[in-house]
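Straight from Swiss-Prot, the features:
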type	residues	note
SIGNAL	1-31	signal peptide
CARBOHYD	N81	N-linked glycosylation site
CARBOHYD	N116	N-linked glycosylation site
REPEAT	119-141	repeat 'LRR 2'
REPEAT	143-166	repeat 'LRR 3'
CARBOHYD	N155	N-linked glycosylation site
CARBOHYD	N193	N-linked glycosylation site
TRANSMEM	226-246	transmembrane segment
MOD_RES	T287	phosphothreonine
DOMAIN	290-569	domain 'Protein kinase'
BINDING	L296, G297, Q298, G299, G300, F301, G302, K303, V304, K318	ATP binding site
MOD_RES	T313	phosphothreonine
MOD_RES	S371	phosphoserine
MOD_RES	T390	phosphothreonine
MOD_RES	T450	phosphothreonine
MOD_RES	T451	phosphothreonine
MOD_RES	T456	phosphothreonine
MOD_RES	Y464	phosphotyrosine
MOD_RES	S466	phosphoserine
MOD_RES	T467	phosphothreonine
MOD_RES	S471	phosphoserine
MOD_RES	T547	phosphothreonine
Amino acid sequence: MRMFSLQKMAMAFTLLFFACLCSFVSPDAQGDALFALRISLRALPNQLSDWNQNQVNPCTWSQVICDDKNFVTSLTLSDMNFSGTLSSRVGILENLKTLTLKGNGITGEIPEDFGNLTSLTSLDLEDNQLTGRIPSTIGNLKKLQFLTLSRNKLNGTIPESLTGLPNLLNLLLDSNSLSGQIPQSLFEIPKYNFTSNNLNCGGRQPHPCVSAVAHSGDSSKPKTGIIAGVVAGVTVVLFGILLFLFCKDRHKGYRRDVFVDVAGEVDRRIAFGQLKRFAWRELQLATDNFSEKNVLGQGGFGKVYKGVLPDNTKVAVKRLTDFESPGGDAAFQREVEMISVAVHRNLLRLIGFCTTQTERLLVYPFMQNLSLAHRLREIKAGDPVLDWETRKRIALGAARGFEYLHEHCNPKIIHRDVKAANVLLDEDFEAVVGDFGLAKLVDVRRTNVTTQVRGTMGHIAPEYLSTGKSSERTDVFGYGIMLLELVTGQRAIDFSRLEEEDDVLLLDHVKKLEREKRLGAIVDKNLDGEYIKEEVEMMIQVALLCTQGSPEDRPVMSEVVRMLEGEGLAERWEEWQNVEVTRRHEFERLQRRFDWGEDSMHNQDAIELSGGR
C-alpha cells in the first residue's frame, strides 16, 4: 500500500512538472510565434526588419511591448499593407493584452487558437479581407473589452459564445457578410454596431442594429450635450482629485513614490519596470560595438557613447564599467530609480537600461547640440555662436531644472557636479540638465552629508572641498560658476591666465574685472558686442550671489529663478556689495602678511575628479 502511494505521488509530481513546463512561455517561444506571424503576413524586407529570429528576447522589436518580466503584452501592426494570413502560433502569447492588426489586407480566417489569448482585453482586426466564421473560441476571452471586426468579409452567424464575455464594452461587427439572428444579450453592450450585414435585428424584441453611442448620424445637438456633460464631469472629478492630493500633501508631506511637478509639466510617474529594457546585442549594434569614434565623454562610472537604434533614433548609451566595485551596482540602481521619477522638461529623460551578468548600461536621448561647454568652447569655424537671448534662456532653463531636483523631488536630489559640460542642449537649444551619476538622494531631515568629494575643480564649493559636506547650496555654487562660463565663454579654471595675472579661477577673474567696472573684458568675445549691458550685469550679479563663500549666504534655486526673471535681485545685490567690501579689506590685509607666490600652481593641470561628461 505504501509503495502504491509513493507511485501515485511520483506520478502526480511528474504530471505537475510537465504541466508547469507546458504553461511556461519562454522568450524563445514568444519570438518564434511573432516571427511566424511576420512570415504569414508576408511582410516586405523593409517591414519589421528588426525582428531577428536569432534574437532570444523579442521585447526589443518594433511594435512589440513587454512587461517587466519580458512577457509580450501588446502587438500593434496597423496600416502596414500586409497581404498574408494570420498565424495560429500567436495563440501561445497568453500574456498578450492588446492585439491590433487593423487597416491591412490580411486574408484567410481568424485562427481558432486566438481563443487561447486569455489575457486579451482588446482585439482589433478592422478593415482587412478576413473570411470565414467568427471563431466560437473568442468566447474564451473573458477579459476582452473591445472586439472590432468591422469591414471584413466574415460570414456565418454570430457565435453564441460571445454572450459569455462579461467585460465586453465595444462590439463592432459592421460591414461584413454575417447572417442570422443576433443573440439578445449582445444588445446590452454599451457600444455595438451590426449594420451592413444580413443580420436580423428584429425578432420578438426589435432593436436598432447600432447602439446610440456608436451611431454616426448628424444628431449633433445630443452629441454636443453628451460631450459637454462628460467634459464638465471629468473637470469636476479632476479638480476634486487635485484638491484632495493638495490637502493630503499639506498635512502629510510628500510620499516617496509621488512627486509634484512644476506648472505646465505632465505628471509622468515612471515605474522601474516601465522603462524600456534593451538587449545587449541591440546596444552593441547601435554603438558599432562601442567604438571609440562614438565616445561622447567619460565620467566617473564609465563612458558615454553615441548610438543609433534600428528605427534611426539617436541615443546616448552610458556604459558603466565599475559596477562590480563597491557602490558601482548600487549606483546603477540609484540612478535608474532616481532619473525615472525626476521628470521635467529641463532634466535629461532616461529612455531605458540594459543589464547582463557583466554589463550595466543606461540609455538616454541624444542631445542634438551636445553640451553647453561644447557650444561655448569647442565649436568649429563657421558654426553659429550662442547669441545672448539663447544664453539667457539656457540660464533660466538650467535653473528650473535644478530647482526641480532640490525643491520638488522627495527626497531632494543633489547633483554635485554642476558645470557647463553637464548642461545639455536639445534641438531647440533648451537647457537639459544631465548626468545624475554623481547625484545624491538626501533625507529631508538632513541639510548635508559627509561623503567622498566628487566634482570638477573650479566648480566645487569651498565647504564641499574642505569638509566633504554637500547640500543643495553646493549645487548653487556650481550653478553660479556655470553662469560665469555662460557669460565669459571661458573655463572655470584656466592656468593660461597666469601669463597675465594671478587669477587662475574664473570666479576670481570675474570678481576683479567687475570691481574695475570692465564689463567688456568679462563678456565672451564671440558675442561681438551683441548683448544688452544691463542684462549681462544682472546675470553676473546672480552668479556672484550664488558663489558666496558661506553656503548659508547663497540663495536657493527657487530664488535664483526669480532673480533671473527680474524679481528681488536689487536687494540681494546691495547686501552682497556691503559684505564683499568688508571681505575684500580683510583679504588685502592678509595678503600683505603672506607671500602667495605662483610657483606652486604654475605647472598643475585642471583636475576633474569625476572625469568629463
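Sequential numbering from 1, following the chain as shown.
Here the Cβ of each residue, glycine as well, is placed from N, Cα and C on the backbone.
Sequence features, as recorded in Swiss-Prot, placed on the structure.
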| residue | record | Cβ contacts under 8 Å, 6 or more apart |
| --- | --- | --- |
| N116 | N-linked glycosylation site | G91, I92, E94, T137, N140 |
| T287 | phosphothreonine | N294, Y305, K306, G307, V317 |
| L296 | ATP binding site | V304, Y305, K306, A316, L370 |
| T390 | phosphothreonine | F429 |
| S466 | phosphoserine | none |
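Under 8 Å, Cβ to Cβ, and six or more positions away along its own chain, T547 (phosphothreonine) finds F477, G480, I481, L484, L507, R554. Restricting the average to the repeat 'LRR 2' (119-141) gives a pLDDT of 95. Residue pair G302 (ATP binding site) / T456 (phosphothreonine) shows a Cα separation of 16 Å.
Neighbour count (other Cβ atoms within 10 Å of the Cβ, all protein chains): 13 for T313 (phosphothreonine). Assigned with DSSP, the residues of the repeat 'LRR 2' (119-141) fall into helix, strand and coil as follows: 5 helix, 5 strand, 13 coil.
Secondary structure by DSSP for the repeat 'LRR 3' (143-166): 5 helix, 7 strand, 12 coil.
Within the same chain, the residues at least 6 positions away from N155 (N-linked glycosylation site) whose Cβ sits under 8 Å from its Cβ are T131, G132, R133, N176, S177, L178, S179, listed in sequence order. Here N81 (N-linked glycosylation site) comes close to N104, G105: these same-chain residues lie at least six apart in sequence, with C-beta atoms under 8 angstroms from its C-beta. The least crowded of the recorded positions N193, Q298, S371, T456, S471, judged by other CB atoms within 10 A of its own CB, is Q298.
Secondary structure from DSSP puts N81 (N-linked glycosylation site) in coil. DSSP assigns Q298 (ATP binding site) to a strand segment in the three-state reduction. Around V304 (ATP binding site), taking its Cβ as the centre, 23 other Cβ atoms fall within 10 Å, counting all chains. Looking only at the recorded positions Q298, T313, S371, T467, S471, the one with its C-alpha closest to T456 (phosphothreonine) is Q298. Of all the recorded positions in the list N193, Q298, T313, Y464, the shortest Cα-Cα distance to S471 (phosphoserine) is found for Y464.
Nearest to Y464 (phosphotyrosine) in space, judged by Cα atoms and limited to the recorded positions N193, Q298, T313, S371, is Q298.
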